[in-house]
Amino acid sequence: MKQPSFLKKGDTIAIIAPSSPAPLNKIEAGFSYLESWGLNVLEGKYIRDSYGSLAATDEQRLEDIQWAFDHPEVKAVLCTRGGYGLTRILDQIDMTKFVENPKWLIGFSDITALHYKINSENVQSLHACMLAQMGLEDSLPSRENLKQFLFGEGLEPLLAEASPLNRIGSAQGVVVGGNLALVNDQVGSLVDIDMKGKILFIEEIGEYRYTIDRMMTHLKRCGKLDHLAALVIGQITDTRKNDENEFPLTPEEIITEKVKEFDYPVAFNFAIGHEQPNYPLVLGCEISIEVNESGSILSHLS
C-alpha cells in the first residue's frame with residue numbers, strides 16, 4: 001500500500017473529532033504536546049462541540065473530516081478520541097483528494113472504520129495514541145513512539161509476552177484490522193477487506209464475553225478467519241461480566257476456539273489498544289510476526 005510522507009518540524013497536523021466528544025482539558029493537553037514537536041496545529045470547526053454522545057452532528061463531523069482530508073497543507077490527521085459515530089458517515093466521505101495527496105490518519109477504537117476506508121483505497125494508516133490520551137500520566141511510551149514514527153525514525157520491533165494460547169510459527173503479510181466490533185461491522189460493507197494472506201490484528205474494550213463470541217463467530221462464518229497469514233491480538237480491556245450465568249470461555253479462549261482448525265501463527269498480549277502503553281501499528285504495512293516459546297516479535301517491514 002502507498003505510504004504517506006513523514007513529517008518534519010513546521011508541518012501541519014489537523015485535529016478532528018469524527019466520533020464521540022473529548023474533554024476540553026484533554027484537547028488542550030494534547031495540543032501542547034503537538035506544538036512542542038514543532039508542528040503547526042489546525043483544529044476542525046467542531047472538535048470542541050458535543051451532540052449527545054456524538055462530537056457534533058453527522059453533517060458537522062463529515063465537514064471536518066472532508067476539510068482535513070482535502071486540505072493541501074495538512075500532512076497528518078489526528079483524531080481526538082474514538083467512541084461511536086464514524087460508521088454513520090463513513091460512506092459519504094469523498095476520498096478523491098486524499099488518495100491524490102495521502103496523509104497519515106491517526107487513531108484507534110471507533111477510528112477502525114476510517115482505517116478500513118483508507119486501507120481499502122490502498123493507503124497505509126496509523127493505529128496509535130489519539131489526542132485525548134496524550135496528556136495521560138502513563139502515556140509517554142505511546143506518545144514518544146508516535147512522534148518517532150511520524151518524523152520518519154521508524155519503529156523498533158514490538159515484543160509480547162508468551163501466552164499458553166499462542167500458536168507457534170512465523171508469518172509475513174500486510175496487517176489490517178483494529179477494534180473487533182468495528183472489524184466485525186465492516187464485513188459486507190463498501191470498505192470490506194479481503195483477508196486472504198493478511199495478518200489480522202484485533203483489540204477490544206468493554207464487551208461481554210458472549211458478545212466477543214458472537215463477533216468472532218460472525219467473522220468465522222463469513223470466512224474472514226479462514227485464510228489469514230497470522231492473527232495478532234492486542235489488549236482485551238475491561239471485559240464486562242453478567243451477574244448470572246457467565247459465558248464459560250474467556251475472551252482469549254473464545255478467540256483460540258474460533259481459529260483452532262487453522263495452522264497460522266496466533267499471538268496474544270501485544271500492547272496495542274485501550275490501555276497504556278498503546279504502541280503504534282501501521283495498518284496496510286507489510287509486517288513479520290514470530291511466535292515462539294518465549295513470546296512474540298512484531299516487526300514493520302515497509
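Yeah, the Cβs are placed from backbone N, Cα and C, and that goes for glycine too.
Here is what TrEMBL records for this protein:
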{"type": "DOMAIN", "residues": "13-128", "note": "domain 'LD-carboxypeptidase N-terminal'"}
{"type": "ACT_SITE", "residues": "Ser109", "note": "active site, nucleophile"}
{"type": "DOMAIN", "residues": "172-289", "note": "domain 'LD-carboxypeptidase C-terminal'"}
{"type": "ACT_SITE", "residues": "Glu203", "note": "active site, charge relay system"}
{"type": "ACT_SITE", "residues": "His274", "note": "active site, charge relay system"}
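Across the domain 'LD-carboxypeptidase C-terminal' (172-289), DSSP helix (H, G, I), strand (E, B) and coil residues number 27 helix, 34 strand, 57 coil. Mean pLDDT of the predicted structure over the domain 'LD-carboxypeptidase N-terminal' (13-128): 98. Under the three-state DSSP scheme, the residue listed as 'active site, nucleophile' falls in the helix class. Across the structure, His274 (active site, charge relay system) and Glu203 (active site, charge relay system) are spaced 8 Å apart at their Cα atoms. If you take the Cα of Glu203 (active site, charge relay system) and the Cα of the residue listed as 'active site, nucleophile', they are about 8 angstrom apart, rounded to a whole number. The Cβ neighbour count for His274 (active site, charge relay system), using a 10 Å radius and every protein chain shown, is 19.
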